[in-house]
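Look at TrEMBL and you will find 503 tagged as active site, nucleophile. What TrEMBL lists as active site, proton donor is 532. Residues or ranges marked as alpha-maltose 1-phosphate binding site by TrEMBL: 373, 433, 468, 504, 642, 643. Annotated compositional bias 'Basic and acidic residues' per TrEMBL: 13-30, 66-76, in sequence order. Among the features that TrEMBL reports, domain 'Glycosyl hydrolase family 13 catalytic' is placed at 315-671. Taken from TrEMBL, the feature region 'Disordered' applies to 1-111, 251-274, 366-387. Feature annotation from TrEMBL assigns site 'Transition state stabilizer' to 589.
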């Protein structure tokens, strides 16, 4: 079996461009790169007024050939035809000049031809992606991540066209040029992958163009076959080859080949068959594939891509409460002693051993006494109840202070240094709310909402009530409040924290987040913000566009095959250009029924799905101990750690074989070993015959030491934690980047199970049997170059 696409001698299929074309063809810039909407002053002048980034205006048409393409003419458009000019600047009207004529002043031309408000360029380039709200917000990526550029490109008549994606670095220099492939016949939808290699504001554009050689090839093949216009067709070929030989970027070998071909086309001593063989030789085909003969080049606007550091888009998170780590109970006195940063240091070691990248801490600030909550959110707290860390603020201070039970700033700095020595980053919770005892309540009452009876409104999420928390009001003193939050964030950055998990960002206005994140990233571009938002899709996506690098997601509640497949399609194809989901399998607030009643297999299932489907995943401590008992009638843990100390015997569970830690460790190692799992947009859902068996694959090609490495991972999961399931898995082989050398003589290829160590021969359809009490999932790697 061969999956290698090859071209028969003398035959070049129409509308099937090569995967990679040359780099280096410069084209006029169609506008400046976008910049984030950052106010010039330290705080916003008016709360809701945040200027939007602009999209580059149209450039004028270029009618004369340049040194890059002797036969090329260019025009530029935005793809969708809509641009947003810079404030106060009127863009030049786009006009297509007809070659060989003098352009007329529109006021002198009663027809106003072509019209200044035309949407389409000479070759229509439409529906470009990833483009976020017309380019007002940038798409996002990390270095080395594949960006799937798409566009719908078409033209009048039957002439052939080609499409190219062009990537520009932060300095505006062209770095990559990739021929875009037709997704499916009849769709006019083209795609290609480009890959930025460093951080910064990159941009891309899409070019549509008339493919002169392919147009000639298609017509000549038909006409020569019936003896029609034979000499005329060869005369036209001679002109094409002559023009190609004059292109400045051609090598001497190419120039000589095109000159000889041009001369041969009009050599009537040669038979038509001989001239056809020359015009369609493998050498000529290779040259026109690598450097096409282009005309009527139409370029879209440049669209922005913000390329951020790797931690913004890849990573494994481990959440734990420092106060529980090392906490002790004295049965004689009935008193608890809180853990602290020093006793929590082993938790960092534990996270590092399991292969996590980020150690996330709930709020570490002083906790209010007024209306302090007791166990499991009860309204009455005893003298030993520590309260909720999210009820921030007390006599010891607020968001800029550390709870005295945890230690000092020196202790925290040592904790962060220990984490960094293990290769971990510490993420802090940024919860913008206050307890009734927070200094802000007395010093800045305008930052809260006062009710009709004069009381301050506490937080509610009906039917839940949080009497120990006052939400902030951003409408009374937006400048003062914004400046204070910026001060707090920069304070913690100064103590080695570059990642913030933001609590309930959807309860604050979007303008504030857009402003804050842009201001922080001006001075601290490595800062990463994770949005803890479980709310409506519009708000979650809005937060991502406002600058949040990551977001919690609906994955927590997607448990059936249908739900999982639908959600994986959404996050990998519909929103992957700007929304990065962090697949947490549990949180202190969320213990789903699937985990409550699914047994150990359910924990494995959720871990495999999270760790392999998303480049970002996380878990809250206790998951590896299969903690599953919920408060009756709720999706929250009983004896919830939000309201009490919960020391655990992690080492004892590991020794007794009652820990999922080795399994989690293996999954994180698989993630590190397989670059395909580091991207999101490359996920392909595969078909299965069983209503509980989910299958998907990821493929990526990278270079290591100058050697090309093709990596493909296939994941098959039984989502029924109670029963063995048997199924057929049907694979879309085209999605797996298979080549001739990957196949065995019988047409099969080898897959190695990265969890069990077993190996099988697979093909287009494959039998699986997954027993949840043994192993509910396959994580398979295709073995390459078996021949």
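Quick reminder: no glycine exception, Cβ is built from N, Cα and C everywhere.
Curation plays no part in TrEMBL annotations; they are all automatic predictions.
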CB contacts for residue 532 (active site, proton donor) [other CB atoms within 10 A, all chains]: 21
C-beta crowding around residue 433 (alpha-maltose 1-phosphate binding site), within 10 angstroms: 25
Residue 504 (alpha-maltose 1-phosphate binding site) to residue 589 (site 'Transition state stabilizer') - Cα separation in whole Å: 12
Between residue 433 (alpha-maltose 1-phosphate binding site) and the residue listed as 'active site, proton donor', the C-alpha gap once rounded to whole angstrom: 14
Those recorded positions listed as 468, 503, 589, and which of them has the most Cβ atoms within 10 Å of its own Cβ: 468
Across the domain 'Glycosyl hydrolase family 13 catalytic' (315-671), average pLDDT on the 0 to 100 scale: 97
Site diameter for alpha-maltose 1-phosphate, Å, by largest Cα distance between 373, 433, 468, 504, 642, 643: 19
The residue listed as 'active site, proton donor' - helix vs strand vs coil (DSSP): strand
Surrounding CB atoms that lie within 10 Å of the CB of residue 504 (alpha-maltose 1-phosphate binding site), all protein chains: 18
Separation of alpha carbons, residue 589 (site 'Transition state stabilizer') and residue 373 (alpha-maltose 1-phosphate binding site) (Å): 15
In sequence order, the recorded positions (468, 503, 642, 643) whose C-alpha falls within 10 A of residue 532 (active site, proton donor): 503
Inter-residue C-alpha distance, residue 642 (alpha-maltose 1-phosphate binding site) and residue 589 (site 'Transition state stabilizer') (nearest angstrom): 8
Pairwise CA distance, residue 589 (site 'Transition state stabilizer') versus residue 643 (alpha-maltose 1-phosphate binding site), rounded so that it is a whole Å: 11
Candidate with the highest Cβ count within 10 Å, taken from the binding-site residues 373, 642: 373
Whole-number Å value for how far residue 503 (active site, nucleophile) lies from residue 643 (alpha-maltose 1-phosphate binding site) (Cα to Cα): 17
